[in-house]
Structures are given as structure tokens and as C-alpha cells.
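Visitor: Okay, these came from TrEMBL:
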DOMAIN    1-340  domain 'IFT121/TULP4 N-terminal'
REPEAT    69-100  repeat 'WD'
DOMAIN    345-690  domain 'IFT121 second beta-propeller'
DOMAIN    722-813  domain 'IFT80/172/WDR35 TPR'
DOMAIN    1043-1140  domain 'IFT121-like TPR repeats'
DOMAIN    1174-1216  domain 'IFT121-like zinc finger'
Amino acid sequence: MFIFLSKKIAIPNNVKLRCASWNSEQGWIACGGQHGLLKVLRLESAAQTDGKGPRGIAAASNLTMNQSLEGHNNAVVCATWNANFKKLTTSDENGLIIVWVLHRGMWYEEMINNRNKSVVRDMKWTTDGQKICIAYEDGAVIVGSVDGNRLWGKEMKTQLAFVEWSPDGKSLLFVTKDGEVAVHDAMGNKVSNLTLYAVESRGGGNDYKIIGVHWYDGIEGHISQEAPTLAIAFRDGKVQITRGRFDENAVLIDTGMELTQVRWNNDGSVIALAGTQVDASASKSDAPKEFNVVQFYDPFGRHLRSLRVPGSRIEALAWEGTGLRICLAVDSHIYFANIRPAYKWGFYANTLVYTYNRADQIENCVVFWDTKSDERCTKYIRGLLAIKAAGDNCVLVTKIYNEDMGTGEVNGQLVDDEQGVFKEIQYQLILCDTIGSPIESKIIDFEPLFVSMTARHIVAASTDAIYVWQYKNSSAKLTGLVSGSQNQDTMDVSTISQLLQRGGGREKAFYIDETQGNDVEHFRYVSRQLEDPICAICASDSWIFAARASGLIHCFTLPHISLEMKYIVNCRPQFLALNCNSTLLSVIDINGLLTIMEVGAAGSLNTTQGKMLSFEKKDAWDVVWAEDNPELFVMMEKARMYVYRGLEPEEPVSSSGYLCYYKDLQVKAALLDEILANPEQPDKNMVIEFQTRSLRDAKALLDNVGLAEACEYIQDHPHPRLWSLLAEAALDQLDFGMAERGFVKCGDYSGIQYVKRLQLLNDRVKQKAEVAAYFQNFDEAEALYRKIDRKDLAIDLRQRLGDWFRVVQLVQSGGGSDDLLTHAWNMIGEYFSDRHKWEKAIKYYAQAKNTNALAQCYYAMGDFNQLEALVNDIPESSPLLKEMAIKFTRAGLCQSAVETYVRMGDVKSAIDSCVLLNEWERAVGLAEQYNFPQIENVLTKYANHLMMNGKTLQAIELYRRANKSTEAAKLLAKLAKEVGKNPLRAKKLHVLAAFEVERMRKKMLDVSSLTSTKGTTAAQVTAQTLESLVQHDAATGEDRSLDNPWRGAEAYHLYLLAHRQLYGGRIDRALRTCLKLSAYEDILEEREIYSLIALTAFYTKHYEQCSKAFVKLETLPGLDDKELQAMSELALKIFTTTRTEHQDPTMRPQECPNCRCQVKEWDARCGNCSRPFPTCMMTGMSIQTQSTKMCKACRHVCIEAEIRDQKNCPLCHTPFSFV
């Protein structure tokens, strides 16, 4: 950063000032002093009405408000702003407090308060402006609201000096005159004392005094997640900065002067410390001289800049809301100083990259802004330290924390730690393109305090070491994209030469005291404290210059690292820059003095005095050399920009811009102050270009005098840009001799050839038209061609420009052929398709009858209906059909894909498409239709593969899709047996298997398709029927479950029904249902069946059935002795305790409707005539004479009276309305 005094305002009558405060939002400045002095000032930049004049701090600042406020009679010692509510609060030595408000452009009293007991030492508003805390010297504390109401008050038993709110308004810090800092909550209750590490570091004692405390409110974000925000300053020059109340790693600063003021800037990136310092250069005999100094530090304690201020004592210090100016109250004057912050930014390839902070983001927001297209890409980078740019890339320097240290991982990658290379904190260099996409990154172990970037190299340095990364080789390729695993046998000469030019490696690292660079693999960094550390670096394509604090400058060669020279300068460099041929080095020291030194000549390793040119410039803060002339450079001095040719300056230009580059006699600068005021919406006008005087004069001579005089001027001030300007002016006047001379001087070979072509044209109007086209005045060129009735040349011009819309207009007006019109329509369609405007592209492609392009547009739009319609218009031999079939397949449109493949005669691809989309039924149908037996093998292999992976259900679905009902039913029945422990799931699977068998039977035994076919005889129908019956018997005979497919479903259905009836209390029905289960011993487990029968029979007192069940249970195979004994004991207990005969109770007699013999309710058939009794699937009862209803799907019956309220079959759950 750089700072300089810019304005001085004197207070009338030499009244000494005591306080000053700057409103951060509206810009008002309040200053109070002796004899009740209180003024409100306001500075505004006097920008020009056209907006083209200097902006920002470069513009003249005028005093637009200077109001004296009357109300205090004694010295005003405290003033504080409430920016949110536009209020000013002041207090004087008598304790009088006045709140001022703005009304119609003037400040008036709103409230007055006088405690009449003590003087006010400090007043602070909360960040949101809702509450104010007033601290009196005698220890009294009052907290009030913005509307004037007192919230609470408290008497401290000590004298107070300062008060400070925490950023969230939940804590208060009170500083006593004894040097203690007490932490209280928002209601005044003491929480703790703040540890003063600065006092502990000096060995304790009570001879210290706190002169100020300031807590950054974080309202504009933080430059780093770990940046401290609470600053406490002591009179002896010590400063303590902590990260809130609890921070054992406090930053300690020793300024070496007597402090009087401490204040953060607007975003917490800089802290200003004001005080007095003794002049150590004075002789011992003279009295020590003191002078005022403001020192600036970053939050981590690094010194940035010092500002010397005239006067006896700095009484107050205040920052402007933008952080670009400070005001200092010294004696009876107010001094203003302008600040040029050290922004993190870069400019490359028309892209401006910059960073800013947001309160809602931990990461730094990095914006990549294309200044030509006005497109912006925002990235969020954590721990951003620096940004540098050159060529077509930029580098982001970040700080990274290795949380996995010791686990063998760094950033998620395994790393060998044999040499103990793990570091808790490392630093990363990220190479990015113009939209912020990372290309490559490198990790280094030392903090890169200084970074320089060229078109091929990135150089980073700490105080003692330098790292060099060659990210691009001489063939203009990123080295990260060059394969590192090439076969040695295939390496050609060019590859070997590239490796030699790269100096044996892409990364080098070395200490500043070394003479040769080492490969980074062999460099292990160990931090060292040097008495003469590195303080600045710069680099070009062939040199690295590293400056040290003593003024010693080391010169290393590139790309191989070798120390060639050492120079010494009489200053401490802070900024270095090389010209384009590395012969001149500009040096800006810590005092802002710019000097230029000759370098580049081969020398010895002995330190030599640098040969300085007779040039010095004070208050310099930036310098940029021209990219195309080693003698041209531009520098910034305060708020002025100077352009130099040699050592001769042009007239200065008022500007506060940051220099981007200097090329073609034009300087581009970015107004970063204004860009960062609204970083999310930058304006193109904030990147400005300045023309040098020679360019302006040459243009004026060409416009107002003539070519000859301009040529003489350019000969005296030669530059390729001026010769090019002369050549273009001569072209415009058709002076081809002068134009050729200009192109020769600027080395433009294509321009020379263009002039020769113009001379071959025999028509002056044609020459004018071509020149107009050269200057991009295309409408004028077309008008000239049409004037001489050469519409063909006008069409050719528009074709070269790619203006196909105009080509269509010219052709339709009678200037071309149909083929050209078709070509133009195709090009317009391509124009719209490139921009994804498919509907407009379709319109023009349709006019051009470009079927291929239409297919692409319809596919991009997802309009497959139009694509299907387009298939019929394409010849069968066209290769486009295959592309469209592939598109249909990718979209999942099997039918369309099959039709397209069949149309082109590729049945195999049609079948493959069906298989890919899992449409096996259609695939099998196609295979049968076109005699492709291979489909059966594919289907079987795929099904086996699914079953081997445990995906039986997917295999079943596969068979169903392929219309292989038999295989599907077999798998379903097999799966049902495996899940028998889950009866409900087993029933569902058996039902599905039965339906598959029914589906197979219906397909095999259906002869309606044959009888409907014309020409089919009765003999053929009979033969086909017999063949179907044979196939059916063969299919069902392999598996017994397929012969009677509903049997398994009936078994599990009745098993579940019996349980529901039993648990529902309908035990009689449960018994009838259970007894029917004995017919399904081949499906259900016998133990489950007879255990259920025994239980229900016991509850219904059917002891005969219960006895039979126990007999069956005791004779089951596989029972061990323990289980058999348990069953016997249970049976004995049942039949001994009931004391009844082993008979069933008498039941209502039932007769067989056929033979009138007695039957039981649960009999499945008549014992006399063997007539079967169907089972009601709703109740489990045997149906003898009741009215029934049959399900049309499974053909099972139910008693009609029992299913009156049911809509679905209880067995297969098919609706009864199903047809």
C-alpha cells in the first residue's frame, strides 16, 4: 500500500482540536476542540458533468459542508456517529452530551443530557446503531437506545477510560485507568477479565497505560478466517491484536513509538497506529526531536507503511468509509491522507481478476471479469494470499491446512513421508485460465510473501528462499499438459530440445544465498532468520531479480537457475520492475522514491554498485514498462500518472487507476477503487485507456495537416503503432506508396500484400470499396459495389464476413444462384444451431432441405414425433437412418428404433436395440419373424447371469418381457418355495406363477389366429392344434408345479385364512379351513399344518381331530427325543384334563347333493360317490348346495352370500368385473 498527505484544513482562530470522527456511510466528518468548537464537514469529489474527468481520489475534493454546531461551552472531547440512523453524539469536558440530527441539510439538537457529576470518557454505538454505551470517568455506565430511552445503568468501582462493543452487540469491553480490560455481557454483568499478552511480554508491572481499543465489526467480511479483529494499544508502543475475547495466539506489535490512537479501516485489513517518535538520527548533544508518525500494519502484525505528519501531537484519527482516506486532527488543523491499497488483482487476456470479501462467506470471492464481453465468473477461494497475472493465465496463491497430517494424506492424496515432509501449514499456487478454471497447482512449504509472474514462469519467494515454476515451455504449451510418461524410444528431436530448454525440470527451489537452483524434489525447506531478508522480487523471460533489505540485488538467469550478478543500491527496495528487454530495472523503495538502474550486462559474482540513471521521482507507488519498447514506461505518483519516453515525461494525467499494461502507446488502467465499491456489478467504464502524447499528436497531424508532415513527425518519434497509423491514413486516401512505406516500417507483411492487391485493381471505386471493407465500413463498401452494378462483389464481401442474412437478401433481389441461396440458408441455420436456437435453425434448414441438420435439431429439442416423421422422407440407403436409429435407441424409443433399422434392412441391429432397451418380447418376435435363433442363447445367458448375481426377480421380469411364460412360472414357483417362511410373499409368487402358466396355455391353445388367416385349411388348423397340445404337455410335464399351477396359491391362501380366522375368534371356521390343509402336505410343512389343526381342534373341542393331529405330529420324521417327549406330555395333559371321550361334538348333518350320504362340513369330496366339493376361497368352507360366484381370472369359486361386499377375488385379487 502507499499513503500520502493530500489536503489540509485549518481551524479558525487556531482552536486546538481534541476529537474527530468520520461517518462511514454518508461521509460527514465531525471535529471537536477547545472552547466548545464543534464542526461538521463533508468532502466530495468534484467530478466533471460529462463523467470523463478524473474519478475517485484523483478528483479534486471540495468542502461541500462546513457547519459549526453550537451547544457546547467547553472543549468537546468525544464524538461518535450512528451511521444507520444518521445521528451524531458529542460530549464535552463538563459531561454534557448532545445528540444531533440532520434536518433539511442542517444539523440540529435532538436530545441533551448532563449528569453533572463526571466527564464522559468514551461513547460507542453498537454495529446496528440500536444502542449506545456511555462510560464516565468516575465509573458510571449508561446504556441507552437510539430513541433516547435509558435501558440500564451501572456504577463501576473503578475509573473508566474506554468502552467497546463486540461486533454482535452481546458483550462490552471496559478499559479502566489502571490498565485492566473487563468483559461484561450486554446487561452489564461482568464475565471475565481479558488477558493482556502485551503486558505479560514486557515482564508485567503497572507502569503501562492503554490509549485505545477498537474491535472491527466484520460488517464487510474478513480478509482471512483467522484474521484477528480486537486491537488494544498501549502508550509505550505495544499493540495486542486477538481473535475475539479468547485467543492464546495473540498478535503482538512493538511500534517503537509513543502511541496516541488506534483504529481499524473499513474492512479490517489495515490497522492505523498514530503517535510520536523520537528522531534517532539526531546528534547526542542536541535535544531529542519528536515527530508525528502514523504506522500501518496488517492484522497479522506485518508493517505496511509509515506516514510522517507535521505538528506537535495527533489528537484523533478517523478512516473514511471506503478505506481510501484518513483524517488526522493535529493541533488546529485537519490533515487528509490518500491511501492506495495493495489490492489482490491482475489483468491478462482482457480479463480483470480481483477479490473482495463478503460477510456471509468464509472464503474470499474472486471475480474473473472479461472486460470485452462483460461476462463474470465468481469463484470462492479459502485462504487467498495473492493474485498475479501474465500472458493468458493467472496464479492464485492460497494457504492450506493439512488436517490429515500424519495420516499419509495431503489434500486427499497419499504422500510418502519417509523424510518427514508433512507440514501443518502449506501454500498452494493455482494456475487458472480466464474463467477461473484451475489448470494445474503446486504446493510449497514456505510462505510466498513475494510473487512475480511472466508468460512462462511463476516465481515465489519468502524472506530466505525462492521457488520457480515453469508452467509453460518455449513451444507455448502448458507444461502440465505435456505427457510425462512418453516412451524414450519414441522421443523425437523436438521433444529432447524442449526438455533441454526447460533446464532439466519444471520446478526449482533454492535459498537466496545459493548460486544454483535445485530440483524441487531435492529441496527440503527449513526456515531461517536472516539479518538481510528478501524484500522484493521481479522476473522476465530470462532473469530473476531478488532484492534484500540491505539494498543488495541478486540476479539469476532463467530458465536454468544460476547466480550471475550482484548489485547494491542505496535504499531498501519495495517494488522492482524490468523493461521488455531486461536492460533497465526500476526500483521503488520504502519511502516511495523511484529510481532506474542499468542491468543485464555480464558481470562477476562480486557485489558491484548499481549504475543508476539520472532519474528520481518521489511519492511513486507503481511503475509499468512498455511491452514493445524498452525506453517507454508509465508510473503513478500520488494521484497522477506520468508517461515517459526515455527519461522525458509527458504532461501528467490525474488518475487513481491501477496500471494494467502499456502497449502500442496506450496505457490501460483499472479503477479498482470504484470497481470494489460495487464488485458484483462492475462497469466497463471503470477500465480506461490513456493515449500517449506522441499518439495523440500523430492522430492530430493526420486529421488536420497531411500525410507528409505526419510522416516527418513519425520519423522523429518512431514506433510501430505510429507507422501503422500512417499506413491506415494513407490507405484511406488511396496513397498506396505512403501506405506501403508505413506497413514496411511497422513490419506488417500482410498489409504490404494487401496494398499490392489494391494496386492491381483497375477501378478506383473498387479500391475505395476494398479500403472501406478493410476499415470495417462494410455497408459503405457494399454501397460502392452496388453503385457500379457489381452485386456479385457485394455478395462475395458478405460471404467473407459471414453475414448470411444479407447474402439471402442480395440473392433474393436477383444477384445469385439457387445453390448459393441454399448454402446461405444452411449457414443461417448453423448460426442459430450454434446458439442453441433450434426452432429458428429448423426454419432455415427446412428451406435448405438439409435433412441431416434437421435431424440434429429435432433431437436436440427432444421432438421425436418430428424425427419419426422425418424417417419416411429419407432414402433407405442413406447412412442418416442409422444415426437416427441410434438416437431413438438412446432416447429409449424402441418401436421407432426398430422401424428405422428394419427400413434400412438391418434386422440384427433392431434386435440388439430391443435387447439393450430390455424389450425382450419384441426382440423374440423379431427373431422369430426374421429367423434369428441366436436370441434364445442371449436370453438364456442373460437370465442365468442375473440369477447368479441373486437377481431372480429381474430374471423373471426378463422372461415375461420375452413372452417366456413357462420359464417365468418355473422361477416364480422356485422362488416361492425358497420364501416359504413368509406365507404371504409365497402366496403372491404362486399366484404370479399361475398367471404365467395360464398366459402360456392361452397362447399355445389359441387357434383363433390360425382360423382368421386366409388360405388356412382345416387340416392345417388340426395339425397346429395337436402340435400346441404336445408343446403344452412337454412344458408342463417338466415341473409338477406347472401341471396344477393354482395348487400352491390355494395352499398358502388357506393357511393364511386359517390364521386370520383363528386370531379373529372364528374358531369353527378356522377348524374347517385347517382340515383342508392336510391335502397340501407336498407344499406346506406337515408340522405347521398339524400343529395348526391340533390347536384349532382343541379350542373347538373337536378332540377326535385333535387326537389325529397329535398322532400325526408324533410320527413326523426328524423329531428328536426332546421334542417328541414334549409333544407326548402335552397330548397327555390335554386328554387327561378334559376327561372326555376322544370324539368330536355332534354337528348339524350334511348330505351329499348327489347320493344323499352323510358328509362332514370339511370334506373335500363325498366318501360314497366321490363327488368333489369345491372350496370357498372366502371362508374355506366346502361348497355343497350354496350359490357360488366364479372368478374369471383364476376360475375359483366363492359362496355368493359371503362375498356380497367384496369387489376382488380373495385368492388372486382380480376384480370380479374383470373380463
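Cβ atoms are placed via backbone N, Cα and C, with glycine included.
Automated prediction, rather than curation, is the source of TrEMBL annotations.
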Visitor: For the domain 'IFT121-like zinc finger' (1174-1216), what are the same-chain contacts with Cβ under 8 Å, counting residues 6+ beyond its ends?
Guide: 991, 994-995, 998, 1046, 1049-1050, 1053-1054, 1057-1058, 1061, 1069, 1072-1073, 1076, 1150-1153, 1159, 1161-1164
Visitor: What mean pLDDT does the predicted model reach across the domain 'IFT80/172/WDR35 TPR' (722-813)?
Guide: 88
Visitor: For the repeat 'WD' (69-100), what does DSSP give as the number of helix, strand and coil residues?
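Guide: Split by secondary structure, the repeat 'WD' (69-100) comes out as 0 helix, 18 strand, 14 coil.
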Visitor: Could you give the number of helix, strand and coil residues in the domain 'IFT80/172/WDR35 TPR' (722-813) as assigned by DSSP?
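Guide: So the counts come to 76 helix, 0 strand, 16 coil.
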Visitor: By DSSP assignment, list the helix, strand and coil residue numbers for the domain 'IFT121-like zinc finger' (1174-1216), in that order.
Guide: 0 helix, 10 strand, 33 coil
